[in-house]
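Trainee: What TrEMBL records for this protein is below:
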- 36-159: domain 'EXPERA' (DOMAIN)
- 190-324: domain 'EXPERA' (DOMAIN)
- 6-27: transmembrane segment (TRANSMEM)
- 39-56: transmembrane segment (TRANSMEM)
- 76-101: transmembrane segment (TRANSMEM)
- 113-133: transmembrane segment (TRANSMEM)
- 145-163: transmembrane segment (TRANSMEM)
- 192-213: transmembrane segment (TRANSMEM)
- 242-261: transmembrane segment (TRANSMEM)
- 305-325: transmembrane segment (TRANSMEM)
Amino acid sequence: GVYCSPVAIAVMGVLVLLILFWIVYLLGEWTCLPLSPPAVFTVFSFTSVIDLIISLEEDGYISGFMEFYLKEGEPYLRTAYGIMICYWDGIVHYLLYLAMIMAITQRKNYRTLGLYWLGSLMMSIVVFLPGTMLGKYSSEIRPSFLLNVPYILIPIWAGMRLFSQPKSLPCCTAEKVAAEQQRSLYQRPLDLGLILFLMVAAMFTFFRGLVVLDCPSDSCFDYIYQYEPYLRDPVAYPKVQMLVYVFYVLPFFCLGIYGLLRPGCTWLPDWALVFAGAVAQAQFSHVGSSLHHRTPYPYRTPEEVWWVFLLTNILYALGPHLLAYRCLCSPGFFQPAAPTVQDGIKKHQ
């Protein structure tokens, strides 16, 4: 076969991205800036298709497309985790890019979709990059690894744009907001259930963090060997994932509980969307990797505990989505308190 050096592959990858940006810039009618959202989403949708091809080829559905790149460019994408994040990028991110491009062309607000995508993309990169550098593939990092730099820079740019856009929430009158915020927790059974759910999720997050930090307790030992042996895999992705959960998702669960107890937390709806996307991407990749044939057999989840493992992890991913849904569908509780008509009358009296 034709041999390409790792440096040549990296240079070709950079050139392809630059050419794509230039083509989109020339053909696009959205703006004169090459870093407009439609241009970025269009280029990233192309890379999503490449990732889908990588995952399909590694799982044996197609062949002969990306073998040279995976061998000399990014061999760590051949791991179970690499395949799973490629599936997620090639399917979920691709659909989000198309939906956001369509919303922009129709002059609709894409903020909700954008925040979900932002959380998903950030979670994939903060686990993938450290996991690659710390795991058993750290000695096989090639210049093509630098092609991941845009995935660090673009979320920063996108986050600044998305959070600066006006929110597209249902309009609530001051009286409705006041009435919503005066209801006690016992009058909000769904919120009470969400708080209990987030408390359990926070404890589970902390427990799995102790597991990957080699806590000597019997419960941690039994869990890592009987339920999630993938946490011991030397690729380091699962360990980094659990630590990211502890340092970022666990504090958010606590803040989510606070936001459901104290009215007027205007920041919660946005961050609930971001963390819903982040946890969805993380759980898909983690669960898929735990069961994938590329994971060595000793680290795969035993078949006899599949249902417990799947149910636990699906519920864990469901929690942030329920919180985001609650914030979007009934936002009055999270809006700043406004003076009502009665308050205005009393003030003038």
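Just so it is clear, glycine is given a Cβ too, placed from its N, Cα and C backbone atoms.
Heads up, TrEMBL stuff is auto-annotated, nobody curated it.
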Trainee: Please compute the mean pLDDT of the model over the domain 'EXPERA' (36-159).
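Mentor: It averages 90.
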Trainee: With Cβ distances under 8 Å as the criterion, find the stretch in 76-101, 113-133, 242-261, 305-325 that has the most pairs with the transmembrane segment (192-213).
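Mentor: The stretch with the most close Cβ contacts to the transmembrane segment (192-213) is 242-261.
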Trainee: Given the transmembrane segment (242-261), which of the listed stretches 39-56, 145-163, 305-325 has the most Cβ pairs that are under 8 Å apart from it?
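Mentor: Maximum Cβ contact count belongs to 305-325.
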Trainee: Of the residues in the domain 'EXPERA' (36-159), how many are helix, strand and coil by DSSP?
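Mentor: Residue counts in helix, strand and coil order: 101 helix, 0 strand, 23 coil.
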